[in-house]
Amino acid sequence: DRALGSMEDMFFTDLQGLVPAETHLCDLSAGVSPLPGGLKFADSAGAFHYEESGKLLSVTSNRFIHWSTSGDSVQLVEQSLDTNLLNNWVRLRFNHCSVLPGGVSIQETLNNVVILICTNQSVHRLLLPHPTRMYRSELVTELHMQSIFTDVGKLSLQDSAHSAVIPSQVGQAGSPHSCSSWISHQGEAHYALASPAGGIMVVTLLPHDTPGSVSVVELKQSSMMSRLSGWMPSAIRGDQSPADLVLSLAVRELEEDSFIFALCQDHRLRMWSLREQACLLEADMLEYLPSCKGVRRLSGQGHRLRLAFSSTTGLCLGVYLAVPQRGQFTVLQLVATDNNRYSLEHISSLLSTQETLVDFTLTSSDVWALWVDESNITVVKYINFEHNTAGQWNQVFVQPPPEEEVQIGVDLDPRIYRRGSERISDVSWEGLKKEVTQAVETELQSSVTEFEFSQEEYRQLQVEFWSRFYSCCLQYQEAQSTPLGLTVSQHTGMACLLRKGFVSFLLPCFAVDHLYLSYEQYLFSEEETPVAEDPEVSRDVLQLVQCLRLVSDAVSPEMAYEMEKALDYMQSPERAAELVLENIDNVIVDIQNKLQDIRNPTAAMMVLLREMDLETDSEFLTGSLCAGQGLNTRISLSQLYGSSSAVSLVCQAICHVAMTRALFCRDLLILQKLYLRFGDNVFLGGGAQLLQLQQDLIPRSSHLLSSYHLLKHISQNLASSVPMDTIDANLQHLTVLELSDCPAVSTLSPQTVVELFYQTVGRRIIISQIYSQQQTCSVLLWNHMISNVVQLLAQLLWPSNPGFLFPECLMANCQFTQLQEYVRLIGPWCQVNIGSCRFMLGQCYLANGEGQKALQCFQEAATEVEKEEFLMKLTGSEDEESASSPRLQYYNKVLRLLEDVGLPELVIQLSSLAVTEAVNQWKHLTLTQNPDSSMQLDCLRQLVVVLCERSQLQDLVQFPYVNLHDEVVSIIESRARGLDLLTHNYYELLYAFHIVRHNYRKAGTVMFEFGMRLGREVRTRVGLQKQVNCYLAALTCLRLIRPEYAWIVQPAAGATVYERPGASPKRNSDGEFSSEPVRRQVDILELDDLEKQYILSRCRLTLVQHHPPSAAIAGSSSAPELVSLLVQVGLFDSALSLSRTFSLNLTPVFEGLTFKCVKLQFGGEESQNEAWSWLAANQLTVVNTKESSATDEAWRLLASYLDRYPSANGQHHRYVINKLLSHGVPLPDWLVKSYKRVDAPSLLRLLLNFDLLDAAAELVLEYVDAVLGRGHQYFGIEKPLCATSPPAWLPYTSIDQLLQALNETQTHSSLYQRLQEKLSEYHCVVEQMTRRLLRAEAAAKTHSVF
């Protein structure tokens, strides 16, 4: 698009993310005591971007972690722009410690995200799961995902393997003041600490899975005495701080070695090798500083060091030298020479401003820097260090703090609420307003001493107290807005400003906005601008913007408020500009002098207006999201920029653009009015340009001002919460109108209507539009993607574009108050979608119970039915060229809507109007007035045939057919029964005919008849698929009516149910006309009967889908026959479902599955491969993550069926075991254990039947022990043998048979002896229990006698 193409390489910021709602708090104690002196370091912040954050198909796309440190605490936050992360906040507090600057570092490995934290007394390592390991599947479809911090509370954070106290020789007399940490290729955690005595100490933690202790290495060029002094403070040694005191550290791993770069107090940069423990490079940074006289004697205090690595440039070092009255950034490149030697190659030196540097970051091409000026204003700039020879820093427009005073008109309540940019996710907006109002009003009431005062005095008190509350809010926001750091992703280019309380995202700034927001130095220094190609026009544009800056400075806050109020009250923007112009006389002379330097002001104005106009002719894609892409791509695109943070970010960008351009248009309109006042005094072109200004440019500026004011209004207007009954009623109305409803999603509170639109409708269209024009495998470059998203969303919201999706979304989500306000603001000046707006206003009136106003709006909208896209979609005529009367279709929809709402008097009024317009338009009017009944029937039949041939089925279905309803049904029925089923769709036509008239029972009867014929006449897969759909439609129809009427009549044999497949309904087997059919008995089919037929047909279809040769016999097979066929092909789930539906015995299913298990047990590799096809068609209840064979899966399937479908006395177990034993297959242990618990005696009999004496004897021994109380739970025995329990018994008949068989064989003599001894033991216990029971009964009788 035009406006997108002219985008300046500049940025604006402060589009904020969510404020933390709930944070995990973890207190860590390293076993240390607080150091004397109470040393405290400055707050700091940083960020980590995942390596695959720029890949669309990755779980970590657009995902990063940022942190901030304050004293003894570290707060870590994981954010994603694609999905909402749960439990993504954690705060760690280290008792008696202070977190060092640079003390937090995050790196990712294949399986983990490792967080390294260093305090002045301890080091810590957190090992968290990598997001790719938390979601094993490639398809992540959840709207919410768990953050890596979800289970941080379960970690053993104080384990010696993940934390350590800095050894005493390092920290006994002082503490480090700077550090850097990293993970080596071997998995070791290294912490480089800057010693207060000079030099570097490296503390190393071994890999988390390797036992061992902490190791310490000292890197220092000093004498032995200095080495022994360790970290002794300089005051004790009697000297000043050492020259090699490290101010900033950075580390990079290269060639299996860790290189530690240290920027020291003596202005020197030293590079240490951790492997060699030697200094490999030392360079004096003052050599790159011009005119450094006197600087060498000063010790550096604010020096900073940053690294950047890329495959093209290698390793680059960014050094900031903080010297009095100036600062300089020096970019160097590390160059390796022979013999393991290194040198530094100078790339660029960049002078900086005099503000206080907070942080800077280095990328492969740019230096980004963050300062705070004398007024505590945040300043962010960046510069390309390779190609910027002029040393011109690029400006980043930081959003200014809120105004200290808010203009409140006398006609407004001082309690004006407006949602700020901060987002609090767990606080209700309404609840927050109520609490704040109550608190302020309570404070006001407590301060009042007089009982009576005037209304004006009370208003002054309100303004005073609410201003005091507003001041407190500003102080809180100022504290939370303190800048701490800057981060730029090397993968996506996303830049963020890290503040104390939130994160500000830096977004690309469009060229026209850049012109308006730029500093005056830029406007004076630049000679060209990307909004114009002609150099002369560019010069005029810059001059014109300078004039606009003078106008903007001259407009007072009061006059700005008055002009905005005029736009709210739909007054003329031109008249409001004239009123403002009357109050800026003090700067008119300066503006006039500037205007005389502009050669062609109209051309410059036309360039600016063209850049700000978002009107487009391109059509937006409203279909499915990237339908041509793969499943993974579509799922990833469905989540792209869909998180709460991204929604808030994009919509804040829209608000920011709207506010900036509304001010731009306001100042331009005022300047144009000033041009008219000056006339020929400033216009070199004379009257022609004045005429163009008055007739073209001023109306365009006024129109753009109103448009951007509307965008600003809707981007700040909050959506309302809607009760469920209102949602249900609205859905019913949308159904009547046949509009696709946009279901409301769970959203943040508060949420603007633009955010609601972006979530429900806009984002899907925008992503489809972007990826319809580019490859989905491309990297998610932040500047390109977010600019496209903001631009396209603004075009979707632009009122002059033909699309009407935003108001339609408001209607679908019951935002009627906001929709009514939108139509009110757009009404006086927008000439697009006038009829659609009137229809929407009618919907609002209807929702508010104002029927007559709604009817008026509906009538006004009728004149635009054939012109506007939304109304054409409403009438269904947008895709029907032959639609004869869209207006009558429109009236039909509105009549049905009014009827559904329950307004009969309005129905009559609108019907009268519709009838007046519909004269001579109904095609069947002459048909209904034909007096000859026979001719009338012939004409009706001819009408039906002609409409069917022309495919005007909608007209055929919707005609009222005043007294010919039954005749139409008879005609369609006869044609449906006499023509081929797959060639003509008369059954579907008849079904639609009944559905439109809400005759659901007849509609169900038609579809059931259609399904029965398909089963007899079309025995193919296509026929079975249609039959399933028919039965499902019939079921749906019966479920829509009352239960007592949910039945249909099925002829036993007759017009559609033939005794022989393919038989003609008109002739017999001899070809002669058949006689009159004999009246036969009919069957009544209820809902349960239809459900059985549906399940039967669905199982037939499943069988044919997996075994196509079965199509010939599946269509006529009964339920028992179909079960056998399903078992043969391995569709056991379907067989079980069918058997349970028709109450059939499940034995054939279990026997069939058992037989397949036996075949797999003894089959080869070929049978294993074939088994996977039918195993995949059955759902396993146990998911096995390890590799398993088809045989294992088949046995697991059998086990799951035995658990899910229990039978009386373990009948299914018995059939399975009998099948296995008959084929000589050993019984699986799980099967034996399961059957023992159900029916151990039956298991014993089965073992005896197959002469398994050893197994039978062991079973008897275990069973006797179970009866005696040893392992009784494994046999399903609730209470073992005791005096108070119910009698226990043993299967003596089977045991006697076993004993006899054992006694007859010599090889089982020992087993026979063990069994005899166990029975003797059992009999002794029984005898003892019996005696105890008898004694207890005797004692009870004796007691009862006395």
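Cβ coordinates are placed from backbone N, Cα and C, and glycine is handled just like the others.
The domain 'Nucleoporin Nup120/160 beta-propeller' annotation in TrEMBL covers 63-414, 416-512. Annotation source TrEMBL lists domain 'NUP160 helical' at 534-757. Per TrEMBL, domain 'NUP160 middle TPR' is recorded for 798-925, 926-1040. The domain 'NUP160 C-terminal TPR' feature in TrEMBL is assigned to 1086-1336.
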Candidate ranges 63-414, 416-512, 798-925, 1086-1336 - greatest C-beta contact count to the domain 'NUP160 helical' (534-757) (under 8 angstroms): 798-925
Confidence summary for the domain 'NUP160 C-terminal TPR' (1086-1336), mean pLDDT rounded: 79
Secondary structure tally of the domain 'NUP160 middle TPR' (926-1040) (DSSP, helix then strand then coil): 88 helix, 0 strand, 27 coil
The domain 'NUP160 middle TPR' (798-925) - residue tally per DSSP class, helix then strand then coil: 85 helix, 0 strand, 43 coil
Within the domain 'Nucleoporin Nup120/160 beta-propeller' (416-512), residues counted as helix, strand or coil by DSSP: 47 helix, 20 strand, 30 coil
